[in-house]
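The structure appears below as structure tokens.
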Amino acid sequence: MNTSLGSTARLLGAALRALLVLTVVTGVLYPLAITGVAQGLFSHQANGSEIKDADGKVVGSSLIGQTYNLPLKKGEQTPSPDLKWFQPRPSNGLGANSVNTQYRLILSGATNRSGEDGAEHDPKTGKAYCPAKPAEGTLCAQVMDAEAAVVKDNSVPGYKVDAAQIPPDAVTSSGSGLDPHISPEYAELQVHRVAERNGIPVSEVEHLVSAHTEGRTLGFLGEPRVNVLELNLALKELTG
Amino acid sequence: MSSALAGLLQLLALIAALALAYRPLGDYMARVYSSDKHLRVEKWIYKAIGANPDAEMRWTAYLRGVLAFSAVGVLFLFGLQRLQGSLPGSLGFKSIDPDQAFNTAASFVSNTNWQSYYGEQAMGHVVQTGGLAVQNFVSAAVGIAVAVALVRGFARSRTGELGNFWADLVRGTVRILIPLSIIGAIILVACGVIQNFSGIHEVGQFMGGHQQWNGGAVASQEVIKELGTNGGGYFNANSAHPFENPNAFSNLFEIFLILLIPFSLTRTFGRMVGSVKQGYAILATMAGIWLAFIGLMMWTEFAGHGPAFQLAGGAMEGKETRFGIAGSAIFSVSTTLTSTGAVNSFHSSNTGFGGGIDMLGMQLGEIAPGGVGSGLYGMLIMAIIAVFIAGLMVGRTPEYLGKKIGTREIKFAACYILVTPALVLGFTAAAMALSTPAHSMTNSGAHGFSEILYAYTSAGNNNGSAFAGLNADTQWFNTTTGLAMLLGRFLPMVFVLALAGSLAEQKPIPASAGTLRTEKPLFTGLLIGTILIITGLTYFPALALGPLAEGLAS
């Protein structure tokens, strides 16, 4: 009994020493070395790919999506979008910091809503469909509300948005809630509104969008996209 | 170019990269675990541990090493989280509650990386970098060590000796995981993954005001999170967060890292048992299932099944613009067919069938190609079952790689395949029968059931991905998923090592005319069939209540 207890203790001691040594190697030396190399060679990327406006002021990261809203008015629950600027995707899954209240961190996250959230079933065929008035907060309702808002916000005299032309990214939330991009189709759809609100010709805004449309990396990786912050920065420069 | 065609090209590029790495990495790993030389740094480490790396261990001693190291790992990580509030470098984050600290410790030591906490608001630099990321390395090294021990069981004869656990653990970390991580981390930083210790700081915004960022050693952790098939994100959004996965190239690179070691280990296996063709048969089985699952996932995700997706015009909910549907589908299948569980899109918002494919991928036992090490030993267990079934058909004692599959061996294999389903279905049934666990669901109906089935599937199979609609930070879920993760990791290891010991004692039997040729395509077909039938029979009733019911209705 004593010998087996003793051998167990010796074994656990060896295990603890192994863990501590490997902690020093993989948890201290390795991350410090990587940080050193990263800061030395790629300090822009390693520190969050910050982006500056024309005055040299940091206005965020080219990788992190932002909101372009008007200041919250009295009695308003959620701020309304500032339609002068290109708008990002919805981000209904973003959370607010709730544990460590000394910070106002934005918590990345998705809605985690399923494709049949808020749907009803046809009693005859059993098929699921989004009803005309889905329960509030469900994905059916989120998509429907977003579609209505996109149509209303982007229809300007001489340019009527049709619900069928709205791309999916305009009415769905991304996985991180921080998606910095929109699809070129969604950017295109906002061109007339942005031109009108800023009092500049449509062709100039169109030119801006096409200049900021990135194709697939190497021609086949990922999807074509437009970085909203970079686009808005260019727009700001254009409108002065 | 259409999105589907671009997706196909991405898949081909990924396969080409994996194929290029397969032989050199597989052969290198075989040399690592067969060499009798020690590097200088390894000698220092053995000295510090106080272990003799040349002492051969029987299966019981090897198992004791695995269990002792893992037990110490759980206690250490638990303690680190409980003390976080008093440690420097914790960014002011509080100590983690006991039930959540237990869950997280079990999760990272068992290579699961299920997370019931929000990374950016719960864990500071010390716990993330000095605790969680360390387990990302060593839990992966333990997995490979156990797989190598099983391979030695096949390769060796008339001995009970399986190698030295400490040597395998240290070599896997020092010679395989660290060098690959260094290269990968630098590539990721160049893409835009952050790597700093600036903590939480304010950054200006376009519309004025500030936003708060949580800085950290993300790239160094991201790379081993994928390479070691761990999956625990630095941020809550995991690899969907732009600071973890900034562009389409980094996305494909991360998928490559997930699959690199699990696929290449089949070459290592072939080398060590003296027939690379045996490795190819296993590889073909893994790759066949993986490709079929990607095909199915692409089909349902591009079709966008589900009323809300039809309304939106595509299944982009929970997906990032830069990856699109193809880049998300390949990631999603690769993370659930390995034990990774990192996500770049949110599985709860996959189509009903898509969510089912994710679940089925894990329920197959994560063997196509599976977690680092665990995928190989899981697949070899299935190979033994397949050989056994073939033996029953012709009425002859089955053999595999020159070893008899007798009563003892088949008992160990059968116990192995029973553990996880028992955990998954047992805990799911208990959660559904009790009244409080159901309060954690976000969605109702079939999808709500899927959330709970997914949670225990993920925990029992050591995956760690989630139908994140489920609020898993409750005492019930923290405790039960924690237990499922520990039992789902270490009980199978007991049977694997027992089996390895039993095989190593046998004397080899020469192949005869009646021996099943396990390096031929016929065997690959038999193996795939065995896997699908055994898993199908086990999980079909539960899947029918969740994803199938949902998928058929939409």
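Cβ coordinates come from backbone N, Cα and C, glycine included.
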Transmembrane segment according to TrEMBL, located in which of B:27-45, B:483-501: B:483-501
Result, the transmembrane segment (B:176-197) in contact with the transmembrane segment (B:483-501) (3+ CB pairs under 8 Å): no
Contact between the transmembrane segment (B:280-299) and the transmembrane segment (B:522-544) (3 or more Cβ pairs under 8 Å, separation 6+): yes
Tertiary contacts of the transmembrane segment (B:137-155) (same chain, 6+ residues out, Cβ under 8 Å): 29, 33, 59, 62, 66, 69-70, 73, 108-111, 162-163, 165, 168-170, 172-173, 176-178, 181, 224, 227-230, 261, 265, 268-269, 272-274, 371-374, 376-377, 380, 400-403, 493, 496-497, 499-504
Cβ pairs under 8 Å between the transmembrane segment (B:376-394) and the transmembrane segment (B:61-80), at least three: no
Best-contacting stretch, by C-beta pairs under 8 Å, relative to the transmembrane segment (B:248-268) and drawn from B:61-80, B:176-197, B:415-434, B:522-544: B:176-197
Distant-in-sequence neighbours of the transmembrane segment (B:61-80), which means Cβ under 8 A and at least six residues beyond its ends: 87, 101-102, 104-106, 108-110, 126-127, 130-132, 135, 138-139, 142, 145-146, 149, 162-163, 165-166, 169, 486, 489-490, 493-494, 497-498
Long-range environment of the transmembrane segment (B:522-544) - Cβ separation under 8 angstroms, sequence gap at least 6: 281, 284-285, 288-289, 356, 359-360, 363-365, 367-368, 382-383, 385-386, 389-390, 417, 421, 424-425, 428, 453, 516
